[in-house]
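Engineer: Annotation comment: Swiss-Prot describes His41 as active site, proton donor, evidence class sequence analysis. What Swiss-Prot records for 34-41, 152-155, 189-192 is ATP binding site. The feature beta-alanine binding site is assigned by Swiss-Prot to Gln65. The annotation (R)-pantoate binding site is assigned in Swiss-Prot to Gln65, Gln158 on the grounds of sequence analysis.
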Amino acid sequence: MSRSPIVARTLPALRRALDTIRARKASVALVPTMGALHEGHLALVRLAKRRASKVVVSIFVNPAQFAPNEDFASYPRTWKADLAKLAAEKVDLVWNPDAKTMYPAGFASKIITEGPALVGLEDRFRPQFFGGVTTVVGKLFAQVRPDFALFGEKDFQQLRVVTRMARDLDLGAKVIGVPTMRERDGLAMSSRNVYLSPEHRSAAPTLYRSLKEAAKRLRAGDDIDVALGGGAEMITAAGFKLDYLEARHAETLEPIASLEDGPIRLLVAARIGSTRLIDNVAV
């Protein structure tokens, strides 16, 4: 039987647990999550265990990154199952604050980041998202003071924004991106996949197939607009409403015009039924 991790729900409890860890000169890796854990999250945990002596997983459904019309109230919350999975992975500490702990009465601060990584992708469709993400991640870094922090590459724009923020603000954590975990048919693992109807679940892997096809055409020498146009046709033909399909510089996320502009990342967001999915691939 797996030993349950220590669970901290208040800042004093978190600090006591971390003081014990730090007294042993142990390195700490943080895996920030919103719960509803799946194999993609557990891959982050396993890599964290290889990088650091102790692993902290935060579980906090962050209201600040949801718009009023989004799924904050219905977002999957599976605490007992999450804790069992983390116990099986031998996680050391789970940080599970509530909203009043993270955003107490009178809270009025926000971390705002700028630069090309923030422009023209998710921000166009979820304008308050990154202000909520950077603020909560900044708070988590201040609370846990990790040596390493692990984020999945599925949320690639988020990964680049958080990496830049940690570097610019000297937050002390080395941000590590971890390749996207996928279902057997290629669909990127996501807590929101549970929203998909059987019909939409069958169509969902088209998103990844379209990215792979566009990347293949780019490597074969196709013009970027032609390759992306073909990918967009595949996506809409499968029943998706496309938000964006773009080629960006893989490090800065600046828009690019040709393969010569640097390493390329293709990023897509699209909606099928009521579910919005994102994905990305390297070229």
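Heads up, the Cβ atoms here are built off N, Cα and C, so glycines get one too.
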Engineer: Of all the recorded positions here, His38, His41, Lys154, which one's CB has the most other CB atoms within 10 A?
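Structural biologist: Of the recorded positions His38, His41, Lys154, the most buried by Cβ count within 10 Å is His41.
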Engineer: At the Cα level, what's the spacing in Å between Gln158 ((R)-pantoate binding site) and Gln65 (beta-alanine binding site), rounded?
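Structural biologist: Here the two Cα atoms lie 12 Å apart.
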Engineer: For Met34 (ATP binding site), write down the residues of its own chain that are at least 6 apart in sequence and whose Cβ falls under 8 Å from its Cβ; none is a fine answer.
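Structural biologist: Expected: Ile59, Phe60, Val61, Asn62, Tyr75, Ser191.
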Engineer: Take the Cβ of the residue listed as 'beta-alanine binding site' and count every other Cβ within 10 Å, whichever protein chain it belongs to.
Structural biologist: 21
Engineer: Under a criterion of Cβ-Cβ distance under 8 Å and sequence separation of at least 6, what residues of the same chain contact Met189 (ATP binding site)?
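Structural biologist: When sequence neighbours closer than 6 are ignored, Met189 (ATP binding site) has His38, Glu39, Gly40, Lys154, Thr180, Met181, Arg182, Glu183 within Cβ distance under 8 Å.
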